[in-house]
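Input: a single structure, listed below in structure tokens.
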Amino acid sequence: MSEQLVTPENVTTKDGKINLLDLNRQQMREFFKDLGEKPFRADQVMKWMYHYCCDNFDEMTDINKVLRGKLKEVAEIRAPEVVEEQRSSDGTIKWAIAVGDQRVETVYIPEVDRATLCVSSQVGCALECKFCSTAQQGFNRNLRVSEIIGQVWRAAKIVGAAKVTGQRPITNVVMMGMGEPLLNLNNVVPAMEIMLDDFGFGLSKRRVTLSTSGVVPALDKLGDMIDVALAISLHAPNDEIRDEIVPINKKYNIETFLAAVRRYLEKSNANQGRVTIEYVMLDHVNDGTEHAHQLAELLKDTPCKINLIPWNPFPGAPYGRSSNSRIDRFSKVLMSYGFTTIVRKTRGDDIDAACGQLAGDVIDRTKRTLRKRMQGEAIDIKAV
């Protein structure tokens, strides 16, 4: 469990009330204790909040009237609102969600046997990966716990209300939306705790995945805070290419990154002994057969499966998508080494909801100095 201090600065709303979506179960129990109530009341309220997506205390029928009145005075359940919805021809739904004066994007991806929700962790991103639309928007701020878990809450409420249309309930959550999750550990971890909690969304730890570009000290800290599935945004077979397309590699190179991944795997049960490697396919940049051989050699000591991701274009990007034939040749080389290799099916690209296309609406774009400061905060273990 994380130990984020509950203070008015990080959980109160503009109305001076506590937003209960900001609290994991440990914090919720402390909140009810401060109200003079038994801890089980926290469990009851969480069940209403997350099992039934209820944000009205009056509808919580197993809570006595006096306590409901007390809760209405000091607390609320306020998830961020959907301000725009786009539906893809393949069933994918993208929601633009208001977080203060900005927007982030959340994507619902239904499949035959599951439904995955792609969740954002920051408004914008500080890492400046060259092939990603989010990075081109700059960085504004971290999302609060309520703004992260609130994306899941809002999506679950919408999908739950639309069961008659055949939409599947959310079975998987991936922290692969806007932002670098490891640069916002103090909010991302409590949000994931709620996803896993039986009184929260009750997801299996194997069905909650965090994706990172390689903030190594924060990855080491993550392993001591929570156990979830891990995916890494590698995207290159060597440091020369990765330095160019994933600039954080200049600080934490591939060898350092993969060593941290192996340390995480030693602690984790959620990963079942292997990590997911994400590798975006950029035409004549990182997609040659020689690159595939280099990648296989690079990963020989890291138990993994490899997801090859056809690059999804956005305006002004300097890259092209690898052809199907180049992706096929690349994949066959990896499989010849015995790697489980999957070519990810592109979903939602007609509504700019595919991997690397999320942009949101970042207001007051910050300059490079703030991005450097943001990276420094994550690298300083005391600050994450």
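Just so it is clear, glycine is given a Cβ too, placed from its N, Cα and C backbone atoms.
According to Swiss-Prot, the protein carries these features:
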type     : residues                                               : note
ACT_SITE : GLU105                                                 : active site, proton acceptor
DOMAIN   : 111-350                                                : domain 'Radical SAM core'
DISULFID : CYS118-CYS355                                          : disulfide bond
BINDING  : CYS125, CYS129, CYS132                                 : [4Fe-4S] cluster binding site
BINDING  : GLY179, GLU180, SER211, SER233, LEU234, HIS235, ASN312 : S-adenosyl-L-methionine binding site
ACT_SITE : CYS355                                                 : active site, S-methylcysteine intermediate
Margin query: Are there any residues at least 6 positions away along the chain from LEU234 (S-adenosyl-L-methionine binding site) with a Cβ closer than 8 Å to its Cβ? List them or say none.
Written below: ARG242, ILE254, PHE257, ILE277, GLU278, TYR279
Next item on the list: Let me know how many other Cβ atoms fall within 10 Å of the Cβ of CYS132 ([4Fe-4S] cluster binding site).
Entry: 27
Notebook entry, point to check: Which whole-number value in Å describes the distance between the Cα atoms of GLY179 (S-adenosyl-L-methionine binding site) and CYS125 ([4Fe-4S] cluster binding site)?
Noted result: 4
Notebook entry, point to check: Should any of the recorded positions CYS118, CYS125, CYS129, CYS132 have a Cα within 10 Å of the Cα of ASN312 (S-adenosyl-L-methionine binding site), which are they?
Noted result: CYS132
Note to self: Going by DSSP, is GLY179 (S-adenosyl-L-methionine binding site) sitting in a helix, a strand, or coil?
What the structure shows: coil
Next item on the list: For SER211 (S-adenosyl-L-methionine binding site), write down the residues of its own chain that are at least 6 apart in sequence and whose Cβ falls under 8 Å from its Cβ; none is a fine answer.
Entry: VAL174, MET175, MET176, PRO181, LEU230, ALA231, ILE232, SER233, GLU278
Notebook entry, point to check: What's the CA-CA gap between GLU180 (S-adenosyl-L-methionine binding site) and CYS125 ([4Fe-4S] cluster binding site) in angstrom, rounded?
Noted result: 6
Item checked: C-alpha spacing of CYS125 ([4Fe-4S] cluster binding site) relative to HIS235 (S-adenosyl-L-methionine binding site), in angstrom -> 17
Next item on the list: Using CYS118 (disulfide bond) as the reference point, find which of the recorded positions GLU105, CYS125, CYS129, CYS132 has the shortest Cα-to-Cα distance to it.
Entry: GLU105
Check: What three-state secondary structure does DSSP assign to SER211 (S-adenosyl-L-methionine binding site)?
Finding: strand
Next item on the list: Please report how many Å separate the Cα atom of CYS132 ([4Fe-4S] cluster binding site) from that of GLU105 (active site, proton acceptor), as a whole number.
Entry: 14
Next item on the list: Give, as a single whole number between 0 and 100, the mean pLDDT over the domain 'Radical SAM core' (111-350).
Entry: 93
Item checked: Residue pair CYS125 ([4Fe-4S] cluster binding site), GLU105 (active site, proton acceptor) - Cα distance, angstrom, rounded -> 13
Note to self: To the nearest Å, how far is the Cα of CYS129 ([4Fe-4S] cluster binding site) from the Cα of GLU105 (active site, proton acceptor)?
What the structure shows: 18
Margin query: Highest Cβ count within 10 Å among the recorded positions GLU105, GLU180: which residue is it?
Written below: GLU180
